[in-house]
Every structure is written in structure tokens, then in C-alpha cells.
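Trainee: Starting off with a structure, shown below.
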Amino acid sequence: MVATCLQVVGFVTSFVGWIGVIVTTSTNDWVVTCGYTIPTCRKLDELGSKGLWADCVMATGLYHCKPLVDILILPGYVQACRALMIAASVLGLPAILLLLTVLPCIRMGQEPGVAKYRRAQLAGVLLILLALCALVATIWFPVCAHRETTIVSFGYSLYAGWIGAVLCLVGGCVILCCAGDAQAFGENRFYYTAGSSSPTHAKSAHV
């Protein structure tokens with residue numbers, strides 16, 4: 001029963017974390033920047049935001065973004081962080097699909113528990129790789145951006161990325177280390193048989 005609960009917890013945690021990583025990858029509010037001194041920017045109400053795909057300016061209620069489409073002039077760290085976040089987002093899809101197939105409520109014929117166990121282990125490894133890619137990108141980007149411009153604060157995209165990466169790391173570790181062995185993945189299968197002298201149904205465990 002404990003192993004079953006941990007499998008579900010690992011799946012839910014990983015799924016929420018993966019969504020956070022996708023949000024981080026697709027949005028541009030990674031860091032809030034200032035082209036002048038911070039007091040001047042606050043007085044002029046002019047702040048910017050920098051992300052993987054665009055540089056944006058917020059001034060007097062207006063929000064304008066300039067897409068970063070010229071790959072040849074982009075800093076190397078931006079291109080590397082793009083690659084890492086895209087890889088993290090892509091790795092999440094097979095990991096979540098594999099976890100779906102090993103949930104206790106999912107049955108794929110009469111497969112042995114060891115097959116589910118191997119898929120769960122593969123999903124756990126993918127989730128940890130996902131988390132590492134996201135963590136490297138979301139730490140590397142603000143460090144390098146700080147060398148180019150003044151950073152006022154971190155944006156919601158970075159926070160979503162950090163939370164998502166940590167959740168995926170926790171989910172992957174739970175699946176790998178705490179969700180049981182091959183027997184635990186095979187013991188939660190049930191079938192129902194009709195009683196010979198009673199209209200009620202008895203539940204029998206099938207290991």
C-alpha cells in the first residue's frame with residue numbers, strides 16, 4: 001500500500017514539475033532588468049524583462065517585446081539555455097507517459113511486475129535528467145545576464161523553473177528509490193470472481 005501511494009505521489013509531483021518547466025521555457029519573464037540605475041528606473045517607471053526568446057520593456061503601462069530571432073548574434077549562454085530547456089521539456093513527455101503506464105490503476109494485459117518496474121526506473125532517470133537540465137539553465141542564465149545589465153529581481157519564469165525542476169527531481173527520486181521493487185509493481189492487481197452459493201462477489205488478490 002505504501003509503495004502504491006509513493007508511485008502516485010511520484011507521478012503527480014513529476015507532472016506538476018514538468019508543467020512548471022514548460023511554463024518557464026515558453027515565457028520571457030526570467031529576469032527584470034534596468035537600463036539605468038535602479039532609482040532612475042523606478043522614477044521613470046521603466047523596467048525591462050529578459051528571457052530566452054525576447055527582450056521586453058515595460059514603461060508607463062506599455063509592454064513591448066523584441067524577439068530574439070538572430071541566432072548568429074545571440075550570446076552563447078542564451079543559446080545553451082534554450083537547448084537545455086527544450087531538452088528538459090521534451091524529456092518530460094516520455095517520462096510522464098511511462099509513469100502513466102505503471103500506475104496501479106493501469107493494466108496492460110498480463111504483463112509481469114518486472115516490466116512495470118523497468119519502465120518506472122527509466123521514467124525516474126528521465127525525470128532526474130530533466131531536472132538537472134532545467135536547474136543548470138535557470139541558474140546559468142541569471143548569472144550571465146547580470147554581467148550584461150543590471151538585474152533588479154528575478155521574474156516568475158525563473159521561480160516556476162526552480163520549483164518545477166525541484167519537483168521533477170523529487171518525483172524522480174521517489175520513483176527510483178522509494179516506490180518499491182518489481183514485486184510491488186505487480187502486487188496491486190485484482191480480479192473479481194462470482195461466488196457459487198452467494199450473489200455477492202469476493203475480491204481475490206492476484207500477485
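Cβ atoms here come from the backbone N, Cα and C positions, even for glycine.
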Trainee: Same side of the membrane for PRO39 and TYR156, as recorded in Swiss-Prot?
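Mentor: Taking the topological domain names from Swiss-Prot at face value, PRO39 sits on the side where TYR156 is.
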Trainee: Quickly jot the same-chain residues contacting the transmembrane segment (83-103) by Cβ under 8 Å, restricted to those at least six beyond its ends, or write none.
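Mentor: For the transmembrane segment (83-103), the sequence-distant neighbours (Cβ-Cβ under 8 Å, at least 6 residues beyond its ends) are 7-8, 10-11, 14-15, 18, 21-22, 24-25, 52, 116-117, 119-120, 122-123, 126-127, 129-131, 133-134, 136-137, 161, 165, 168, 172, 175, 185.
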Trainee: Other than its close neighbours in sequence, what residues sit by the topological domain 'Extracellular' (144-157), given a CB gap under 8 Å and a spacing of at least six beyond its ends?
Mentor: 23-24, 27-35, 37-38, 41, 47-51, 75, 77
